[in-house]
Amino acid sequence: MTIALFPGSFDPITNGHIETAKKAAEIFEKVYLVAMTNTSKHYLFSPGERADFARDALKDVANIEVLEKPDEITVDLAHELNAKAIVRGVRNSADFRYEQEIAGINKRLAPDINTILLFSSPENSFVASSMIKELAKFDKDVSQFLPEKAAKALRRKLGNEYAE
């Protein structure tokens, strides 16, 4: 079975993340989407909440399993899950350069794990969780960029007037 790991912060998960996960599910027999922690980021949602939003959005994709592993190194987790590839989404050239650097480090740490880059569609090429959170803080409707459960939770968390 070909297994891939799709790690990320997913704070919150966006339609771009969902697109990448679904593309990976078409390529690999099993995809683990894992809510992880980047020590250089500050989170609005807990790993459990982030994983829950992903589970809800991807519940109809049989070969995707969502996990939360906030305290692991990506390549160690890939080995633990028997993944042969790490999947990453790329929106633009800045993402590409960043992912290229991370892929190089990961290859040094785990020569048996490959990084697969999947490019976003034009409609998701500008969507970033940090940007969406910023818009939501200013009471902008961000529901077009997020799965429904994540959008509602973001509105509630920030106390937006249009929260349901």
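The backbone N, Cα and C atoms fix where each Cβ goes, and this holds for glycine too.
According to Swiss-Prot, the protein carries these features:
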type    : residues                                                                                               : note
BINDING : SER9, PHE10, HIS17, GLY89, VAL90, ARG91, GLU99, ASN124, SER125, PHE126, VAL127, ALA128, SER129, SER130 : ATP binding site
BINDING : SER9, LYS41, THR74, ARG88                                                                              : substrate binding site
SITE    : HIS17                                                                                                  : site 'Transition state stabilizer'
Alpha-carbon spacing, VAL90 (ATP binding site) to THR74 (substrate binding site), which is rounded to whole Å: 17
Candidate with sparsest Cβ neighbourhood (10 Å radius) among SER9, THR74, SER125, SER129, the listed binding-site residues: SER125
Binding-site residues near SER9 (ATP binding site) (Cα-Cα within 10 Å), from LYS41, THR74, ARG88: LYS41
Extent of the ATP binding site in Å [max Cα distance among SER9, PHE10, HIS17, GLY89, VAL90, ARG91, GLU99, ASN124, SER125, PHE126, VAL127, ALA128, SER129, SER130]: 17
Nonlocal neighbours by CB distance (under 8 Å) for VAL127 (ATP binding site), same chain, sequence gap 6 or more: THR14, ASN15, GLY16, ARG91, SER120, PHE145
Nearest of the binding-site residues (LYS41, THR74, ARG88) to HIS17 (ATP binding site), judged by Cα-Cα distance: ARG88
Rounded Cα separation (Å) that holds between LYS41 (substrate binding site) and GLU99 (ATP binding site): 17
